[in-house]
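See structure below.
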Ligand code: GLU
Ligand code: ZN
């Protein structure tokens, strides 16, 4: 059986410059793809209106400055609205969506089923009558579109975490402002571009069951996941701009590569050298505590 090589990817949101933790995740995604004979794709996740083209340009420059390369042109999600529309139309045609009129506050204050996790959608708008829906439509808030999910959890397979089972609720497919939701866009884009390996920060591990379930509904197989440890500051919190010198412009290319190599236990401080030393089984499982110089 012959099959075309799959692809890995990095998918930054251009809301702020990449920090050393994001750069390290990008290098790991590239190493995972290149050591498994995959193509490596770059996708700018610019659907949200708090993203900026000039930030995207700096992110791509930074990744190239580290020595990373990617195959084909960089994709921008804003250029692919029809993909998301088609997927949503397909799910709606199969009766798998419903309009949701809830605010965030409504969702947090609604009674939850026993064992339902905080923040999971309580099902408020799932089975409204036509009359109730008509009534809610007149209240002004443009509805979000949610998936009518028929599971409450789903299991994915992760290179670093093994089998991981997590919550699947009636996730948002299209936000009230009309923007395709993150979970939908990721699944549709990964499938449309032949991505079968997803390497990203482990803050997204808990989203992967929702995404794999949605992929299955759309007839796609789930990618191989590798959720890598985040980089934290000295207080054990997620690294942020206010922690000091954390971007490539602040740290410098050579120093950033040296710090990332040290954090992964590699002698070589070039991405080409790391390629020879890369062994997924030996990746650190603990967060990297970063102390800016
Ligand atoms: N754009 C997302 C982020 O920067 C990553 C999405 C993904 O890798 O699935 O956090
Ligand atoms: Zn609702």
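For all residues, glycine too, the Cβ spot is worked out from N, Cα and C.
Since we're looking at a predicted model, the values are computed, not measured.
Record features (TrEMBL):
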- 9, 10, 11, 12, 13, 45, 182, 200: L-glutamate binding site (BINDING)
- 100, 102, 121, 125: Zn(2+) binding site (BINDING)
- 241: ATP binding site (BINDING)
- 127-137: compositional bias 'Basic and acidic residues' (COMPBIAS)
- 9-248: domain 'Glutamyl/glutaminyl-tRNA synthetase class Ib catalytic' (DOMAIN)
- 113-142: region 'Disordered' (REGION)
- 12-22: motif ''HIGH' region' (MOTIF)
- 238-242: motif ''KMSKS' region' (MOTIF)
DSSP-derived structure type at residue 12 (L-glutamate binding site), helix or strand or else coil:
coil
Closest to residue 11 (L-glutamate binding site): which of the binding-site residues 121, 125, 241, going by Cα position?
241
Which one is closest to residue 13 (L-glutamate binding site) in space, judged by CA to CA distance, out of the binding-site residues 100, 102, 121, 125, 241?
241
Cβ-based neighbourhood (8 Å from the centroid) of the L-glutamate site, residues 9, 10, 11, 12, 13, 45, 182, 200 excluded:
43, 44, 186
Around residue 200 (L-glutamate binding site), which residues of its chain at least 6 apart sit with Cβ under 8 Å of its Cβ?
11, 25, 29, 227, 228
For the region 'Disordered' (113-142), the number of residues DSSP places in helix, strand and coil:
8 helix, 0 strand, 22 coil
Please list, in sequence order, those binding-site residues from 9, 11, 12, 13, 45, 182 with the Cβ less than 6 Å from ligand 2.
none
